[in-house]
Amino acid sequence: MALFIFLSSISAMPFFDVQKRLGLNLDHWMTIQTAEQPHKIPGRCHAFEKEWIECAHGIGGTRAEKECKIEFDDFVECLLRQKTMKRLSDIRRQRDKLIKEGKYTPPPHHLGKEDPRP
């Protein structure tokens, strides 16, 4: 029984540890999108990614998918802005509809007409 556990744990490990041999930490650059920046200014989604990583750390992928779904969804929304773009599209569509019905007239500076300069 102990031999089976030992062999199964060996087969799960990589044959060559390339990262260790080359002295590279690719996980640092490949997994964390908001790593330390040159001028110490955090990325746009740094806070959301940090919450997701802190939630998922140490619990495994399967549990993290279920237990950290809210944090992950917030992080993805921050990166892709899908809900924000949909909302802007809906607002623009509503504005165009009101203009067509004659219930709204945009201000002159939205129509490309500038204020007269002195």
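In case you wondered, yes, glycine gets a Cβ from its N, Cα and C as well.
All annotation found in TrEMBL is predicted automatically rather than curated by experts.
Of the cysteines listed (CYS55, CYS78), TrEMBL assigns CYS55 as the disulfide partner of CYS68. Sequence-distant contacts of the region 'Disordered' (97-118), counting only residues of its own chain at least 6 positions beyond either end whose CB sits under 8 Å from a CB of the stretch, are absent. Here the C-alpha separation of CYS78 (disulfide bond) and CYS55 (disulfide bond) works out to 17 Å.
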